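Undergrad: Got a structure for you, questions after.
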Amino acid sequence: MKRIFLLIATNLAVLLVASIVMSILGVNTSTMGGLLVFAAIFGFGGAFISLAISKWMAKKTMGCEVITTPRDSTERWLLETVARQAQQAGIKMPEVAIYQSPEMNAFATGPSKDNSLVAVSTGLLYGMSQDEVEGVLAHEVSHVANGDMVTLTLIQGVVNTFVIFAARVVAGIINNFVSSNDEEGEGLGMFAYMAVVFVLDMLFGILASIIVAYFSRIREYRADEGAARLAGKHKMIAALERLRQGPESSAMPAQMSAFGINGKRSMAELMMSHPPLEKRIAALQTR
C-alpha cells in the first residue's frame, strides 16, 4: 500500500511540477504543439538526468567501492584486465569497482564512453575462474564501447515522450467525449482527468517497457559479440555457462540490471532486458 501511495504521489507531483514549469515557460499544453514540447522536455529530460547521475546513483545504490590502489593480487588483476580491454576497445579507462553481493553479476554505467564505471560483485569476482571473469569484464567494456548507455537513454527518451504525449491526448479525447454528453459540458473535472492520465501513463508505460526491453536484448547480443572479440569466444561462453548454473539474478536495481551481465528471468520474454542465457550461448556458438 505504501509503495502504491508513493507511486501515485510521485506521479501527481511530476504532473504538478511539469504544469508549473510549462506555465513559467509560457508553453500552452492545450495545443498539440505545446503538448509535444511538454512531453519531449520531460520525456528526454528525465532520461538524460538519469544518465548524468548514473555513476553516482550506482555507487550509492549498490555500495560500490571504487578501486584506486589495489589491496591484493585479485584487485590488481581486475584493474589490469579492464585497462587492457579498454585500450583494445579504444575507450578511456573506466572506473573499476567492487560491490558486496553473493550474486554473480556485474554492470557498466556512466554518461559517456570516457566517463564510465565497471563494477563486479564479490560473488562473481571470487566465485568464477579468471577466464570467466575476463569474459564478463569484456562484456561490460563492450557495453561502454558500443555507447549502449547513451543509445538506451535516447530510446527511453523517445518512449517517455510517447507515453506522456499519448496519455494526455487520449485523456483529452475522453474528456471531450464526456463533456459532449454532459448537459453542463464540464467534462471529467480536474481530479478525474488526472486519474485518467495516471492510468493511461501506466498502460502506455507497459508498452514502452516492452519496446525498451527489445532494444536492450539486441544490445546484449552485441555486447556478447564484443566480449568474444576482446577476451575470446570460449571465455564468454564459459562465463554464460557458469551464470546459467547459478541462481537467478534479483538484487540489482533496474537501471543497473539493463547493463548487467545476468538479467532477471521472466515468463514473458518480451519484458526481459536480457535474452535467455541459452539463446546468448547459442548465438555465440554459431558465430
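Keep in mind that glycine also has a Cβ here, set from the backbone N, Cα and C atoms.
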Undergrad: Given that Swiss-Prot annotates HIS139, HIS143 as Zn(2+)-binding, name the residue from GLU220, GLU241, GLU269 that shares the site.
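TA: Among GLU220, GLU241, GLU269, only GLU220 appears alongside HIS139, HIS143 as Zn(2+)-binding in Swiss-Prot.
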Undergrad: Pop the Cα-Cα gap between GLU140 (active site) and GLU220 (Zn(2+) binding site) into the table, whole Å please.
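TA: On Cα coordinates alone, these residues lie 10 Å apart.
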Undergrad: Would you count the other CB atoms within 10 A of the CB of HIS139 (Zn(2+) binding site), including those on all shown protein chains?
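TA: That number is 30.
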